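Note sheet for the following structure.
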Amino acid sequence: MPCPSQSSDELEFFVNGKKVTEKNVDPEVTLLAFLRKNLRLTGTKYACGTGSCGACTVMVSQHDPVCKKTRHFSVMACLVPLCSLHGAAVTTVEGVGSIKTRLHPVQERLAKSHGTQCGFCSPGMVMSMYALLRNHPQPSEEQLLEALGGNLCRCTGYRPILESGRTFCMESDGCLQKGTGQCCLDQKEGDSSGSKSDICTELFVKDEFQPLDPTQELIFPPELLRMAENPEKQTLTFYGERITWIAPGTLQELLVLKAKYPEAPLISGNTALGPAMKSQGHFYPVLLSPARIPDLRMVTKTSGGLTIGACCSLAQVKDVLAESISELPEEKTQTYRALLKHLRSLAGQQIRNMASLGGHVISRHYYSDLNPILSVGNATLNLLSEEGLRQIPLNGHFLAGLANEDLKPEEILGSVYIPHSQKREFVSAFRQAQCHQNALPDVNAGMRVLFKEGTDIIEELSIAYGGVGPTTVSAHRSCQQLLGRRWNALLLDEACRLLLDEVSLPGSAVGGKVEFRRTLIVSFFFKFYLEVLQELKADKRLLPESTDSQRYPEIADGSRSSLGDFQVTLPQGVQTYQRVNSHQPLQDPVGRPIMHLSGLKHATGEAVFCDDIPRVDKELFMALVTSTRAHARIISIDSSEVLDLPGVVDVITAEDIPGNNGEEDDKLLAVDKVLCVGQVVCAVVAETDVQAKRATKKIKITYEDLKPVLFTIEDAIQHNSFLCPEKKLEQGNMEEAFENVDQIVEGKVHVGGQEHFYMETQRVLVIPKTEDKELDMYVSTQDPAHVQKTVSSALNIPLSRITCHVKRVGGGFGGKVGRPAVFGAIAAVGAVKTGRPIRLVLDREDDMLITGGRHPLFAKYKVGFMNSGRIKALDIECYINGGCTLDDSELVTEFLVLKLENAYKIRNLRLRGRACMTNLPSNTAFRGFGFPQGALVTESCITAVAAKCGLPPEKIREKNMYKTVDKTIYKQAFNPEPLIRCWNECLDKSSFAIRRTRVDEFNKKSYWRKRGIAVVPMKFSVGFAATSYHQAAALVHIYTDGSVLVAHGGNELGQGIHTKMLQVASRELKIPMSYLHTSETCTAAVPNTIATAASVGADVNGRAVQNACQILLKRLEPVIKKNPEGTWRDWIEAAFEQRISLSATGYNRGYKAFMDWEKGEGDPFPYYVYGAACSEVEIDCLTGAHKKMRTDIVMDACCSLNPAIDVGQIEGAFIQGMGLYTTEDVHYSPEGVLYSRSPDKYKIPTVTDVPEQFNVSLLPSSQTPLTIYSSKGLGESGMFLGSSVFFAIADAVAAARRQRDIAEDFTVKSPATPERVRMACADRFTDMIPRDDPKTFKPWSIPIA
């Protein structure tokens, strides 16, 4: 390789209009790292590091001297090598606009449309929309969806983000609700006691937004324009510590370099090479960049086809194909249309902007979406070397890497030739993935057939599959055997048999889902068969007039439904809430849809998160070393090699902890043995994060494996491995009740786990002070007091010496209640030992590997009922997978059992729960805290009863629902009147009865597509079961200028607690919110705080803020009486002069929770949140894909403190719950290694998963006396309502099974992934696939529930 002692060339580019010149660029440095560390532009966030989430989105502008145009495109900064930006202009969120200078309309609209919650994803959302608007100032709705397809948000549910983007779009023709022909604004208001004049449907005022003026954007720097038009042809070389980057200026130079460094890969978009080098250990000392060579970006159109340069991005390829389709006759564009179809859903927009056609082809990934189509479309690869041009077909031989049909080490791919399709030729593409967009396919396919002229006899047939082998697999042998056959039903049967014989998938195949993937092989061909049959029937031009029309049989109406894919459209919806009383003063913000206080800062990137804090003097970085064994004794930890590495300062082990090493069963750092893969064993401290992370790979740990090793709930039950005693509630006489019923049904329910996937990973900054062993800690946590206590215990220092600061948290969902204390303590030990500040920021993979998530559940039920549907007895036994330590598993078990009954009064009821101990990372608190799993069990019982009775599930729900004031199974009294109102309004607003009939009519006519509709009720108990957690304090200071600082014990997680607290203070002090400010949550200002969790943050802290403000106002009363015409500032100045204290501590001694498990009774919860949701879906029975057509939610919020924030909480929780029940599948290896630990392997919902029609109504005229201003906490309750989508899918599956005469007493496990839906819709294709004996192979993954 080149000598690194040589001097590097200068790298020149622009950032936000300012020139940047770097003389010593390390090729391993990414744009994201440079922006954050070197330029201190921290608005661009690190969230995944693999280009899969969009948090690091920026815009890159480059001038193309060939077409004389400047391109603006969004990219993922975490993947962009800094070296690749020579001559480019980068725009970050700071360059778009700021609060300090001028807001850009994108930023303003995102914030004011309530499109930010935690705000961590917001800069990325802004940049994706901004890049779109730079290219299309008035985009279409389809373009908006495409632009945001690569951006993830875990908080909002996307609807308000899309709503903000819609304000820039071309006006549509209206918003007719799908299937009703009515405008969403014409919804019925239901049977509410509030009049229509009291109901509002506007959360923001569109007319107040500043207009978009495209002429005011940053221009492309003239200096870069000159560089592009008159490029320096010499080779640029950048030498790093380990890698050399060479960017030649001409094609010939590149070919010479490739001959000199034949093993050096070409790096273009870095979308494949980057993740491989980061996560898979690949390393290349020399990288060759073809970015400066225009020859490799050329596009040539000829009469026979398209030649596209290998360095063209996939986005450019997409544009070229779309242009050709618009210019050419349809018969010539079959292959182009198939490619374009996959390009719309392949990855996200940013990756399509970065990834090159050549890289996509050459990588030959088994999941490649384009190679199967290029292969069947007879594409040709133009290979270049010093020896000249060599052409090879992109066929099965190339894809298999056969010697004579592959690239030689000294060759590069110059371009790809894609011929036009021809008359009598049909080309189609198919793919099925966990989500519609930004998800790798489970299986994809390209298929092409050419018929002999005037016949349906096959002349050529090509079929290629992705996702069924190590690379794209060509079914060449099957195709050859089908030549000369007619396109009819006999061919279909023979083709399926041949394909299954040739395209074999072993039972242990990587990725699992083997039977599903086998089924897709033939399901896709059936779709292709029908598509071609339809075209043959419809297109008379293909056949001479004398051809017998009976040759092409009519496609049955039911089969016609399998044609085409689900179309994704921008969601529509309406949000309704009750207006504030007309007599309420205008300055009183309570009940109004106030924007999140940090909304504008979120949108401009000026909101400071934990890792955005500037590096402090002498700061070190920490990286964790985790166990690679599930259950083993630690024989030794050898760090000798590590301590000699550059930059490494120390290795922290359990021996370095001066105090307590955590709990007995939950150590901070492992001692003697490990209990799971991912347990933290030790930590490396180094000068930089890169040095620390590299050093962790050199720690040598010797293990001795121990038995037993338990992963599944079934394993734990067999070994009697439990974390705590059984929790049980029972009422009535179970035995007698079961003896006196008409029918009994028994069943099982499985609910998978769920990753928190907060956008901001776990992170902490610890700064030791010079005196008295004091520590300042900046932590991303929901419970700073717990961090403080854990650090105090570990270091043996008083709590008063440790100050924890929480400015804001980039999402928590329960995942930042307990775990941050562990990371904080480990970092604090390192800080004390080294005497230097320590920063610990977990990579996404480590975060997901270590921290655990929602408890997977397995339940058995037995239900006895009358033929009328009245349930007389119900016995449920639940087991949750707690992982290797107790954590919150006992509490989750208690809440699970307490909440299992949901909305139903069942006189004879037995509920039991156990937490299993397994060798997996400990599962922990998660939004809903057991209710989303438990309530799904109960609703599954309801569905089973309905099926047996032959009655609609909603009738069974109504018959068994609480109706009047009653007591729960644990003897707590409550009034279900709001529950009944929510249920009735949901049925009414959703037009359920009408749509139920329409769904049934649709299903009668459609065989391969089925619709389902379901409505579920909810009774969600709010609060902690421990009395000590129902307390809070606040500290309010009034300064002499009249400004007010409010401190309280709640933590801002995105749920808007700071906004709500200032609304409370504004009302109590009778001053505008502009006078009020809150800075952070700090244990020095408000001590002994409780976790911000259980939906009571605003309840308990609101009362404390209210109390403090009332104390202050009481003190000011004499001053105000003396000068009633004075201003607020006058009164404050007078009070100061009179030595009246302008500081007050407020305190709330809240609800006295009580639960006696021995007696099975108590009052554990202060109140309930009631709600109901109705969802309608359509499923594709051949692939398992589904489309969410409409969701209506009615929620009892009582008197909402802030309708905009509360609606956002409901929508966000619903979408997160929908993810739990449909897409978020957790996979572990048979050795206990978590596979799904990055966003490309673990799929949370995206913008394309939002229901097409998404309506939310807050129940009007509802009251509760227990909370601040009669409001309710809504942070968690919407989670379970996502199950309405699950039960709608199950309803659609049931319809399919009925039509196929298959038993309806089936169970779809949660999540209802495409795999599970497809396999539940059993048919001729699922019947024909081969099935393996489970004893003959080792599965890729294991079911932990």
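Each Cβ is built from the backbone N, Cα and C atoms, and glycine gets one as well.
Per Swiss-Prot, the features are as follows:
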type     : residues                                                                                               : note
ACT_SITE : Glu1276                                                                                                : active site, proton acceptor
BINDING  : Cys48, Cys53, Cys56, Cys78                                                                             : [2Fe-2S] cluster 1 binding site
BINDING  : Gln117, Cys155, Gly812, Phe813, Ala1094, Ser1095, Val1096, Gly1097, Gln1209, Leu1274                   : Mo-molybdopterin binding site
BINDING  : Cys118, Cys121, Cys153, Cys155                                                                         : [2Fe-2S] cluster 2 binding site
BINDING  : Leu266, Ile267, Ser268, Gly269, Asn270, Thr271, Ala272, Leu273, Ala347, Ser356, His360, Asp369, Leu413 : FAD binding site
DOMAIN   : 9-96                                                                                                   : domain '2Fe-2S ferredoxin-type'
DOMAIN   : 238-423                                                                                                : domain 'FAD-binding PCMH-type'
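Taking Cβ-Cβ distances under 8 Å and a sequence gap of 6 or more within the same chain, the neighbours of Val1096 (Mo-molybdopterin binding site) are Val1022, Gly1023, Phe1024, Tyr1029, His1030, Gly1150, Pro1166, Gly1273. The number of other Cβ atoms within 10 Å of the Cβ belonging to Gln1209 (Mo-molybdopterin binding site), over all protein chains shown, comes to 27. Taking the C-alpha atom of Ala1094 (Mo-molybdopterin binding site) as reference, the shortest distance to any of the binding-site residues Cys78, Cys153, Leu266 belongs to Cys153.
Sequence-distant neighbours of Gln117 (Mo-molybdopterin binding site) (same chain, six or more apart, CB under 8 Å from its CB) are Cys155, Thr156, His596, Gly1054, Gln1055, Gly1056, Gly1208, Gly1212, listed in sequence order. In sequence order, Cys118 are the recorded positions from Cys48, Cys118, Cys121, Cys153, Ala347, Glu1276 with a C-alpha within 10 Å of the C-alpha of Gly812 (Mo-molybdopterin binding site). The binding-site residues recorded for this entry are Cys48, Cys78, Leu266, and the Cα of Cys48 lies nearest to that of Gln1209 (Mo-molybdopterin binding site). It is 19 Å from the Cα atom of His360 (FAD binding site) to that of Cys78 ([2Fe-2S] cluster 1 binding site). The binding-site residues listed here are Cys48, Cys53, Leu413; among them, Cys53 has the most other Cβ atoms within 10 Å of its own Cβ. Excluding Cys48, Cys53, Cys56, Cys78, which define the [2Fe-2S] cluster 1 site, the same chain contributes Leu32, Lys45, Tyr46, Ala47, Gly49, Thr50, Gly51, Ser52, Gly54, Ala55, Met76, Ala77, Arg844 within 8 Å (Cβ to the Cβ centroid), listed in sequence order. For Ser268 (FAD binding site), the same-chain residues 6+ apart in sequence whose C-beta sits under 8 angstroms from its C-beta are Ser289, Pro290, Ala291, Cys311, Ala355, Ser356, Gly358, Gly359.
Listed in sequence order, Lys258, Leu288, Ser289, Pro290, Gly358, Gly359, Ile412 are the same-chain residues at least 6 apart in sequence whose CB falls under 8 Å from the CB of Leu266 (FAD binding site). Packing around Asn270 (FAD binding site) is summarised by its Cβ count: 25 other Cβ atoms lie within 10 angstroms of its Cβ, all protein chains included. Of the listed binding-site residues, namely Cys56, Cys153, Cys155, Ala347, the sparsest Cβ surroundings within 10 Å are found at Ala347. The average pLDDT computed over the domain 'FAD-binding PCMH-type' (238-423) stands at 95. Taking H, G and I as helix, E and B as strand and the rest as coil, DSSP gives the domain '2Fe-2S ferredoxin-type' (9-96) the counts 16 helix, 31 strand, 41 coil. Residues Leu266, Ile267, Ser268, Gly269, Asn270, Thr271, Ala272, Leu273, Ala347, Ser356, His360, Asp369, Leu413 are the ones the record ties to FAD, and the longest Cα gap between any two of them is 23 Å. Sequence-ordered, the extra residues of this chain that approach the [2Fe-2S] cluster 2 site, with Cβ no more than 8 Å from the Cβ center of Cys118, Cys121, Cys153, Cys155, are Thr116, Gln117, Gly119, Phe120, Ser122, Arg154, Thr156, Met759, Gly810, Gly811, Gly1054, Gly1212. Across the binding-site residues listed here (Cys78, Cys118), the residue whose Cβ sits among the most other Cβ atoms within 10 Å is Cys118.
In the three-state DSSP scheme, Leu413 (FAD binding site) falls into the strand class.
Long-range Cβ proximity for the residue listed as 'active site, proton acceptor', meaning a same-chain Cβ under 8 A and a gap of 6 or more residues, is found for Arg927, Gly928, Phe929, Phe931, Phe1020, Val1022, Ala1094, Ser1095, Ala1213.
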